[in-house]
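*Asks:* In case it's useful when we look at the structure, here is the feature table from TrEMBL:
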type    : residues                                                                                                               : note
BINDING : A:ARG48, A:LYS54                                                                                                       : NADP(+) binding site
BINDING : A:ARG125, A:SER126, A:SER127, A:ASN241, A:ALA242, A:GLY285, A:LYS300, A:PRO301, A:THR302, A:SER303, A:SER304, A:ARG326 : FMN binding site
Number of protein chains: 4
Amino acid sequence: MSLNTFGHLFRVTTWGESHGPALGVTVDGCPPGVPIDEGMIQHWLDRRKPGQNKYTTQRREADEVKILSGVFEGQTTGTPVQLMIENTDQRSKDYSDIMEKFRPGHADITYWQKYGIRDYRGGGRSSARETASRVAAGGLAREAIRALLPGVQITGYMTQMGPHKIDRDRFDWDEIENNPFWVPDAQAATDWADYLDGLRKSGESVGAIIEVVARGVPAGLGAPVYGKLDTDLAAAMMSINAVKGVEIGEGMSSAMLTGTLNADEIFMGPNGPEYSSNHAGGVLGGISTGQDIVVRFAVKPTSSILSTRRTITKSGEETEIITKGRHDPCVGIRAVPVGEAMMACVILDHMLLHRGQVGENRGKIG
Amino acid sequence: MSLNTFGHLFRVTTWGESHGPALGVTVDGCPPGVPIDEGMIQHWLDRRKPGQNKYTTQRREADEVKILSGVFEGQTTGTPVQLMIENTDQRSKDYSDIMEKFRPGHADITYWQKYGIRDYRGGGRSSARETASRVAAGGLAREAIRALLPGVQITGYMTQMGPHKIDRDRFDWDEIENNPFWVPDAQAATDWADYLDGLRKSGESVGAIIEVVARGVPAGLGAPVYGKLDTDLAAAMMSINAVKGVEIGEGMSSAMLTGTLNADEIFMGPNGPEYSSNHAGGVLGGISTGQDIVVRFAVKPTSSILSTRRTITKSGEETEIITKGRHDPCVGIRAVPVGEAMMACVILDHMLLHRGQVGENRGKIG
Amino acid sequence: MSLNTFGHLFRVTTWGESHGPALGVTVDGCPPGVPIDEGMIQHWLDRRKPGQNKYTTQRREADEVKILSGVFEGQTTGTPVQLMIENTDQRSKDYSDIMEKFRPGHADITYWQKYGIRDYRGGGRSSARETASRVAAGGLAREAIRALLPGVQITGYMTQMGPHKIDRDRFDWDEIENNPFWVPDAQAATDWADYLDGLRKSGESVGAIIEVVARGVPAGLGAPVYGKLDTDLAAAMMSINAVKGVEIGEGMSSAMLTGTLNADEIFMGPNGPEYSSNHAGGVLGGISTGQDIVVRFAVKPTSSILSTRRTITKSGEETEIITKGRHDPCVGIRAVPVGEAMMACVILDHMLLHRGQVGENRGKIG
Amino acid sequence: MSLNTFGHLFRVTTWGESHGPALGVTVDGCPPGVPIDEGMIQHWLDRRKPGQNKYTTQRREADEVKILSGVFEGQTTGTPVQLMIENTDQRSKDYSDIMEKFRPGHADITYWQKYGIRDYRGGGRSSARETASRVAAGGLAREAIRALLPGVQITGYMTQMGPHKIDRDRFDWDEIENNPFWVPDAQAATDWADYLDGLRKSGESVGAIIEVVARGVPAGLGAPVYGKLDTDLAAAMMSINAVKGVEIGEGMSSAMLTGTLNADEIFMGPNGPEYSSNHAGGVLGGISTGQDIVVRFAVKPTSSILSTRRTITKSGEETEIITKGRHDPCVGIRAVPVGEAMMACVILDHMLLHRGQVGENRGKIG
């Protein structure tokens, strides 16, 4: 059973609440001999960290990671790696409002209905702060991938914010790090800044679509029929707070294609099979083809907004609520590094699994 | 590890190849005392069975299920239930073509690259025939749900075929069983029949979108943060052959909503909380709200088509292939009962898990 | 969850009841490319088969195994292997006695208390017939081990029957196959035959101790701290019907040793480390040392005996019972191939796990 | 996969090394609403704590536990509970000796062979300090059991130290807390003190046998056939450092019994079935009978002793070693609270599992 654990062999268990003393992640199954230190993980955490610009929550968290176990003299030892992030800005405030009322769109009501008790401070376990633990694990996963198979590159970016989509003709990998939205389209970055500014000032929020691409992943990863690479990616992304849809390759649009258009034709390249297109998103029958692995997911708008919404109290009385606080107008922005982290964990997991499951007699072509 | 197993406590392991002697499913964790016989499972298998009309593959399989274990005097005993379906129409044919060539869009090439050996007859393990095992397990899950919690209803239907979508204003639950596409829209059924006929005659295929709804599911099911109800549903649906996208509630479109529009407001009804809308698809924070659970998934067009496609052989030579055979012009049709089966398995699993995980002190409202 | 499943990556799920239509085993995670056919598995099943001599139950079962999936053209494909054994000698008899009464020492009463329903015919799921499935899986595991790492030898034998122990000075590997008890001591074989004959004629039964040794297992297998090689072996053996104790190496007697005596000293041999002794049973810190893996387990006497025992009925009335039928005077005899099978499954599982978990940078000595 | 995780639904993942900054345990699956605070866990940790008398290691560790997550206002919330113990007495010393040499009887050589890197300071992950994490988890498990089912009592004690066994006729539950060995026999406590003093002064060590009894456990716990209650107990105990044998009820001695003697007869008592004896140790067919659950395990002598032992270095040279340091002359003493903790975890896990797996239609008797 693994209700707070993700992965088959690279096992990631996140723990902690938004306003508890700390949160973190227990990673079991990391291969030994991976060079790692706190700075290498901090690098990725800093990308997700709140309060970096006006488009993300103004909560100020250092998000400083400590390695408590599993690393010796700068390398993993094969034993569990414990990564802890202490909470430092649990601003003392009055929680009496959300203690009694359920915020619409949040998990307040369902946690109460399931558990009969909930840590209502900042959303407790259902807070987006939980994703810091994922990013820490993803940082470790990236280093393990690098040690086992240099050349894999995992990159996330936004492709849509509200009604605004990127222009694929302007797609530029180098642009992604140049703007606060991780958008691969310089024009979009400018336009979206104005749009989001308007939303932010009016206390409104909006959804987004994030795409994560893994390049350099070899063919053969993925374990049919319930540990398929795309199945695990779908679960990984859907498990992120506020995600409501996941697509692989052509995604929902594949419903509109004909078989002739959809089937990526195969050619023989200098280093093995090549494909005329990538409608499959790099996965056939749950197994990687060697093409780019392409995953997209939709993040719903932040539920904490300044408009008055109708709701009920624990005692069943109808009332209203305005969710004040330090919130993201587009939580999808900070979902980009989270999606990257989940991709890294899944890819590493399947690299390990592939070794564990099969023999060395893999199919050669040509 | 559970590469061919699905579920936490209701554990479904499918086994078997398209052209082997049999296929089936080992179900471990079914509660004892559930009334069941072969006819009750056969009922659901018959819906998925090929060869029932001109819109599905003409392979003729009785798909007759046998219960080999776990049932005694008409009730489950709490021990593993083995359901076997013997293959009877493994038509003897010449496989030399697909033995050497990889069919584009199929898993031929990736199974070869992963395993170094593949049962190429009819797709082997990656054949859609594997889903018969799922439907059998789903039939058992439905009966277990009925025994534990009468009132849950699980219904799937098509909402889109190629470019054609249903008209939500004409939505009629009773229409679903009246047409070969399980479409809840009589007009669409008529229109789509013509459309699909045309595709079929030209040897073409097309994709589809299926929606599955579970009504009557109580609040509280789902295990944050990696065994969320929607996470498990996403994995369940994405693991079905040919599925490329999964949505919960508003799905990918939630990217376009503002926070004010998206957050379903809460009221107090006579039997507990009620909501103004269901953008959430019945799940908040990974836990069911008591509303309808709404899942959609896209099925890509059947990759076996009569047009010539370019591909390569095992020895790396470029060539062409036409996939003759008995195929579905829209494999999405037969995905409807499969999606229902996966929904049933997930719902039952979380009903059992909810008991196992938590105490009896669940939150009351009002 | 894996209540009827054993193993991490080599996943063995047994199913079936003593008097149902069939029983078998679903093996998920067998590496591809392992040469296998029904005869190779049948070889091991024949060793466990009942009715072979007067010291085992006279039930006549062909125990003929059929491979239903996962094998193509004489090799495993990496997909689930389904092995089925049809029950052929479910002798029609009157079960009214054991239907109402609980047999002391059997699981009748606990299955009833747990499940509220039980297949009372021949013990149902708790029958020793379940171990046929294990032996079938063990046969496959042996072939996979042979394919991956030739040189591993797994051998079980009896070391004690009732009060009679083997003389370690007479230990002879070649003697094991020469007698009906798999005893590595020719003198003991003769003596025990007389002893057991006496017990059998009086309708009595007796316990036994079985030792299983794996030779040729490399250092490095075992996953601390809860997937230790000895932990998994303890679970494997204790899960066999009627087993009440498990020992690794020195076992329970290690309580009597001093530290000086117990710690096996280490030397450098031509092929790596060698040890002065093997009190550890080939496992240190849960990881194999390269020495023989030595496991022992105690099997309690068959509970079905011809003496009258006091018991109660389902309705709570006190009564008496004599368990007539076709039973083993020393069920420990047939536990020998079962213990071997479990050893094979655990060793293979950890071979696969070792690949999956760690990198290639394993520690070299010298 | 769960290489550092124990349990099906009550999931205990221990992490940390002997001389790292901290160690601890991530507990996932604890029911919500269990009253808990640090003091309640500290109570059990204090029993295992080193340095309490001259018979245990003189390392001084406060072993002070901190709850980092999963508890809110004095109750568990159903989310992961993180328990951390900071290491405070990682005495700065010269490790150059054990850095290069493998200590016989320790896991030094096997960790090196498996991982190619090891934290040699104090044994790293294979140190007995890892069991502090288990005791912390066990403390939480005890409180959860108390909340769900008051009346269960779990008690461990020593029954043998070296050649000295307790006299069962002098067995006294109340004596257990009165002596440093947790021996239920006042006379033995006195005798053993002299014996162990002698060993300690000579730098020698000795093994022990611990028995753990759970009283008040209801019938019906345990999940055949691989999640049997006794299977899980065997795994739990064998996973403790230095354990080499596990027995349930009659244990290894059951080999010597006849069927007539072994089968516990059943009677009808005022509250349900009662038994004439408990050779079964409270488990039949893997399911609890309602009798006392009786488990015994043997702990080998501490491998760190003051006698010179022969060994090799990493570079393969033969050499000698004396393991100086702060060690336990009989590590079995501190294994008593560890055994209790493992029993508590297993019992709670099966209480949760029983709910999750089966319906409410359990078998009634009478």
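In case you wondered, yes, glycine gets a Cβ from its N, Cα and C as well.
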*Asks:* Output, ordered by sequence, the same-chain residues six or more apart from A:THR302 (FMN binding site) with a CB under 8 Å from its CB, or 'none'.
*Replies:* A:SER205, A:ALA242, A:HIS327, A:ASP328, A:PRO329, A:CYS330, A:VAL331
*Asks:* C-alpha of A:ARG48 (NADP(+) binding site) to C-alpha of A:ARG125 (FMN binding site): distance in Å?
*Replies:* 18
*Asks:* Among the binding-site residues listed here (A:ARG125, A:SER127, A:LYS300, A:SER304), which has the Cα closest to the Cα of A:LYS54 (NADP(+) binding site)?
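*Replies:* That would be A:SER304, the closest of A:ARG125, A:SER127, A:LYS300, A:SER304 to A:LYS54 (NADP(+) binding site).
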*Asks:* For the binding-site residues A:ARG48, A:SER127, A:ALA242, A:LYS300, A:SER304, return the ones with C-beta distance to chain D below 8 angstroms, or 'none'.
*Replies:* none
*Asks:* Excluding near sequence neighbours, so keeping only residues 6 or more apart in the same chain, what lies with its CB under 8 A of A:ARG125 (FMN binding site)?
*Replies:* A:GLY16, A:GLU17, A:SER18, A:TYR111, A:ASP119
*Asks:* My understanding is the cutoff is Cβ-Cβ under 8 Å with a sequence separation of 6 or more in the same chain; which residues meet that for A:LYS300 (FMN binding site)?
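*Replies:* Listed in sequence order, they are A:GLY105, A:GLY207, A:ALA242, A:VAL243, A:LYS244.
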*Asks:* Could you tell me which of these binding-site residues, A:ARG48, A:LYS54, has the fewest other Cβ atoms within 10 Å of its Cβ?
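*Replies:* If we count Cβ atoms within 10 Å for the binding-site residues A:ARG48, A:LYS54, the smallest count is at A:LYS54.
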*Asks:* Identify, in sequence order, the binding-site residues in A:ARG48, A:LYS54, A:ARG125, A:LYS300, A:THR302 that approach chain B with a C-beta to C-beta distance under 8 Å; the answer is 'none' if none do.
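*Replies:* From A:ARG48, A:LYS54, A:ARG125, A:LYS300, A:THR302, flagged as close to B: A:ARG125, A:LYS300, A:THR302.
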*Asks:* Once near-sequence residues are set aside, which residues in the chain of A:SER127 (FMN binding site), 6 or more away, have Cβ atoms under 8 Å from its Cβ?
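*Replies:* Counting only residues 6 or more apart in sequence, the Cβ neighbours of A:SER127 (FMN binding site) under 8 Å are A:GLU17, A:SER18, A:ASN241.
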*Asks:* Suppose we draw a 10 Å sphere around the Cβ of A:SER304 (FMN binding site). How many other Cβ atoms does it contain, all chains included?
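*Replies:* I get 26 for this one.
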*Asks:* Under DSSP, is A:LYS300 (FMN binding site) helix, strand or coil?
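*Replies:* Assignment for A:LYS300 (FMN binding site) reads coil.
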*Asks:* State the three-class DSSP label for A:ARG48 (NADP(+) binding site), counting H, G and I as helix, E and B as strand, and everything else as coil.
*Replies:* helix
*Asks:* Take the Cβ of A:ALA242 (FMN binding site) and count every other Cβ within 10 Å, whichever protein chain it belongs to.
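*Replies:* So the number of other Cβ atoms within 10 Å of A:ALA242 (FMN binding site) is 24.
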